[in-house]
Amino acid sequence: MGIKGLNKLLMEHCPAALRSSEIKNFGGRKVAIDASMSLYQFVIAVRQADGQQLTNENGETTSHLMGMFYRTLRMVDNGIKPVYVFDGKPPVLKSGELAKRKERREEALKKIEELKQQVEDGEEGEETKEAQEDVTRFEKRTVRVTPEQNDEAKKLLTLMGIPIVEAPCEAEAQCAKLAEAGKVYAAASEDMDTLCFGSPVLLRHLTFSEAKKMPISEINFAKILEGLEMTHAQFIDLCILLGCDYADTIRGVGPQTALKLMKEHGSLEKIVEHIEKNPSGKLKVPENWPYQEVRALLQAPDVLDSSSCDIKWNNPDVEGLVDFLVRDKGFSEDRVRAGAARLMKQVKVKPQARLDGFFKVMPKEGGEKRKADDKKTKGKKPATKKAKK
């Protein structure tokens, strides 16, 4: 879910930190991708014309594999070197959010049964059609990625020669730390809390389908801190105040109020102190609000040491891909072999240095110094050499 209202707040207060881009602009870049988030997207979005998930002749869901195979090929075709990072065990602090998601899923399942009955009882017409569309919409709310689908995705990526990392906890935190350590250029996730973990660059919409025509959003963390005039620690406090997956926020505090409070007080401790000194005010701090525990988790997440992550891109196992995708999962052999050929082609291509690696922006001080030197010499006659006798 990420941080409530953060993207809109950044667009308003530090627009220089965000820019829209095309996938081709990241050629030559290594990117750590939140695999768990991507799989969830694929299971929801990769569907048949009637809205049902893709399945093989045995009735096994293949939406996750179809999405993973073709979206990864698209990135590789554009010169991107992806690293997929998978979730480990969720942190204890996230249990409340997971319970809420389970409750919403159960409510959606009940609604689906009601709507299906409505479709069965109704006559052909606009109302029945709308009810069927509602069934599809609510079914998407019940989607979850199973452990088996996770394992199949890992197997597919390994056969494709794409490196994977299994995080001990949150995938987006591991992605952020790989980027922070310089192992990759950016972290790619839809979760804005990736920024809290310190990723220098966050890419959103990277794994969306080309048909959506959704530009990739590139978010620069240093420019966020500069635009908001905050430290990393203060930014984390702001995000906790906005609301995240690990704790509820203070009721009545929206994005603008959260920013105002942080500007005025500078930390959550001082904000809590301010609110508690004004018991007659509108704002009330939740009982046993675990903001300090959440802050500690965001500042020091449970991740693998980046130096221990062995990230290597290998040749695809063509026959292994055919066995798995064609014989086991019912994919088209021609398409799978064509995809493997695309992977092999990119493995053989020698990486080209990016132009932005050749040029360095000169600091303003240099320009100022030159101007000052020009003023000193202005009006002076050039020195002349004496003629040799």
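The backbone N, Cα and C atoms fix where each Cβ goes, and this holds for glycine too.
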To which of ASP77, ASP87, ASP237 does Swiss-Prot also attribute binding of Mg(2+) 1 at the site defined by ASP34, GLU170, GLU172?
ASP87
Matching range for Swiss-Prot feature annotation, region 'Interaction with PCNA', among 288-296, 324-332, 351-359:
351-359
Taking Swiss-Prot at its word that ASP191, ASP193 bind Mg(2+) 2, choose the one of ASP245, ASP248 listed for that site.
ASP245
Ten-angstrom check, please: count other Cβ atoms within 10 Å of the Cβ of GLU172 (Mg(2+) 1 binding site), all chains counted.
31
Mg(2+) 1 site shell beyond ASP34, ASP87, GLU170, GLU172, criterion: Cβ within 8 Å of Cβ centroid:
SER36, MET37, VAL85, ALA167, ALA171, ALA173, GLN174, CYS175, SER189, ASP191, THR194
If I take the alpha carbons of ASP191 (Mg(2+) 2 binding site) and GLU172 (Mg(2+) 1 binding site), what is the distance between them in whole Å?
7
